[in-house]
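Feature annotation from TrEMBL assigns domain 'Fibronectin type-III' to 1-58, 64-159, 259-353, 359-454, 460-557, 657-751, 757-817. Annotation source TrEMBL lists domain 'Ig-like' at 163-252, 561-646.
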Amino acid sequence: RESDHRAWTPVTYTVTRQNATIQGLIQGKAYFFRIAAENIIGMGPFTETTKEILIRDPITVPDRPEDLEVKAVTKNSVTLTWNPPKYNGGSDITMYVLESRLIGKDKFHKVTKEKMLDRKFTVEGLKEGDTYEFRVSACNIVGQGKPSFCTKPITCKDEIAPPTLDLDFRDKLIVRVGEAFSLTGRYSGKPAPKVTWLKDDVVVKEDDRIKIKTTPTTLCLGILKSVREDTGKYCVTVENSTGSRKGFCQVNVVDRPSPPVGPVIFDEVFKDHMIVSWKPPLDDGGSEITNYIIEKKDTHKDLWMPVTSATVKTTCKIPKLLEGREYQIRIYAENLYGISDPLISDEMKAKDRFRVPDAPEQPIIKDVTKDSAVVVWNKPYDGGKPITNYIVEKKETMATRWVKATKDPIFPGTKFKVPDLLEGCQYEFRVSAENEIGVGDPSPPSKPIFARDPIAKPSPPVNPEAVDKTKNSVDLSWQPPRHDGNSKIIGYLIEYQKVGDEEWKQANLTPDSCPETNYKVTGLTEGLTYKFRVKAVNAAGESDPAHVPDPVEVKDRLEPPELILDANMAREQHVKAGDTLRLSAVIKGVPFPKVTWKKEDHEVSPKADIEVTGIGSKLEIRNTVHEDGGIYSLTVENPAGSKTVSVKVVVLDKPGPPRNLKISDVRCDSCYLTWMEPEDDGGSVITNYVVERKDVASAQWVAISSSSKKRSHMAKYLMEGTQYLFRVAAENQYGRGPYVETLKPIKAIDPLHPPGPPKNLHHVDVDKTEVSLVWNRPDRDGGAEITGYLVEYQEDGADEWTKFQTVPMLDCVVTGL
């Protein structure tokens, strides 16, 4: 049963052992228990616990404390804090045990006997420079629990801490004029930081109203009787060697605004109302103007009457006026903090004072062209109402009717370009101004003008120079003027002056005699020095003169010839046969040199076209052939000297015929051909030879080799007894040259040799004038059938053999001896 109840509750199961586990108890409540034994006869008496039992977990030592931290370090002390263990072991913490160990030693030593239940302790009496680590344990009634995790090694030395700043004020502060305000806060840092106050980036200095107070932990800026000038951005800086912190506050010292800025302008005045305007106050008191209060007063009375107090615009209509009375207006500005002093207007009479605008002054006409003119005028008096439009009119001088220049409004400009004029006609123009009352009188007419493009004298010619000279003339050249004055350049006037004279003489009398930008001044005296100048002329007249920069001495000019070679005059020029050969060069020299072209020191071929101009020369040969190749030379010569250049021309063509075609080693089925390379390779390397044969009885040539680079060939596969002709041609990259052919046919037979000597010659009979001879056939017949035997005799002692006769058989009778 629960200790505060009397009723017993049975446990829901029967126990057969001498122990039992009671489930379903409530933690923190106290219970009594009783037990009775039972047999088959019945239940015995109960035995009850002597005292109540409180239900709770069993008590153990506490867990280890948590978050052991070092809060401060000096050269001889360390301040530590920690949090209690997550579980106190079931019993309240009675004390904490703080231990330290000198790094390098094995054992921890208890630091103090204090209970340290506030979980903060400063260990003092440490040695500067020594390094320690600390741990803390919690104790309850059971005993001391596990120690916390150790701190990191801590070396005893004075601590450096960056500044901290805790401000009592917000980012913005609004203060009424005359009130005091202060900016306060707390700070810390090691070493002790320096405190600086700034206002709008300028250091704040103390005076009768401004007070600055700084203690080791607090800071304060106080201002007595604030004024509008105290408005600004205040900044406090806390700085030491480890860093700095800043705090900001925008202080706005507010007041009622200053008066609106005058004068009061009467924009419109009528007999029963006025419209006035003014400018906002120079100082709005630090708070937006919420409204203006406008009042009116009849100058004959002392009473100010309200008009409105609900406008934020700087303009207002003053209604309900009496015609002819004079009125004054006064205006106040108001913000959240009060109403300004008033702005009072001058006196103004209530009456209509508006009319149409005055007539403008006589307009001026500018920028006249053949079809337009720009009319310019000054703004007239507007009659009290703003001008809304100008009316520009035109008429021909001899006409009587004025015509509007445009139907579109012309405003606010005071000039207008009148279009659609007729070229050559004379016009006048006038202008009227219009406001909401109506159209005013027109201006006096402008001076008459003719509609035509304006012309002016041209600018001087550009860059005049002497480009050539002889013993009695000088050639001048120049460029046209940059501006022709809107009129065609008629021509140019050229003048010259002998150096030392003051008078300029005209080289041409009229400008149309020199329409181009060059002129030859003649009739000059050889050896004298002259100055020259040129003027451009248009319908408006002559331009300013442009002078040739330097005086010119009149004499024949000599310049040695000079050749500027074109690309086709390089050292060697290759031309494909059939193409056109072009050789050209730019030639300079004074007088112009004589030009001579030669080939191999001889005249060039008549087929060559030679052209000589004032700046150069060109040689051209069409449909070139191989014979056109060779060394061409160009010579230019004048009295000042001569110059020659040469170019080797190679006409690239098919090669010539091979030379010395010979046939040797004729057999019944083959023969050997040899030849020499052509005298002319066509300007390109021989790539191969083509060898062909032909049966004498056939009209068709047959190629037997077309790619041989050698100058010989073994012709095989001949038919014995057949007669053949052979021919050979050379090839290069431009084609196949002509063939060289054998002069006579070659018969395909093995070569014949003389037969061997007859054998065993001897006589078989002798007479006084004749001898009978016999012999045997020779060992070899030389490749052909033996046709006979030649018999010769010689008298003993003589040098010569005498032919007797040729016999077909192997015997002979020599007679006539």
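Backbone N, Cα and C atoms are what each Cβ position is placed from, and that goes for glycine too.
Automated prediction, rather than curation, is the source of TrEMBL annotations.
Keep in mind that what you see is a predicted model, and the values were worked out from it rather than measured.
When the domain 'Fibronectin type-III' (1-58) is classified with DSSP, helix, strand and coil residues number 0 helix, 16 strand, 42 coil. Across the range of the domain 'Fibronectin type-III' (460-557), the DSSP-based residue counts are 3 helix, 44 strand, 51 coil. Counting residue by residue with DSSP, the domain 'Fibronectin type-III' (359-454) contains 0 helix, 34 strand, 62 coil. Helix, strand and coil counts from DSSP across the domain 'Ig-like' (561-646) read 6 helix, 53 strand, 27 coil. Helix, strand and coil counts from DSSP across the domain 'Fibronectin type-III' (259-353) read 0 helix, 50 strand, 45 coil.
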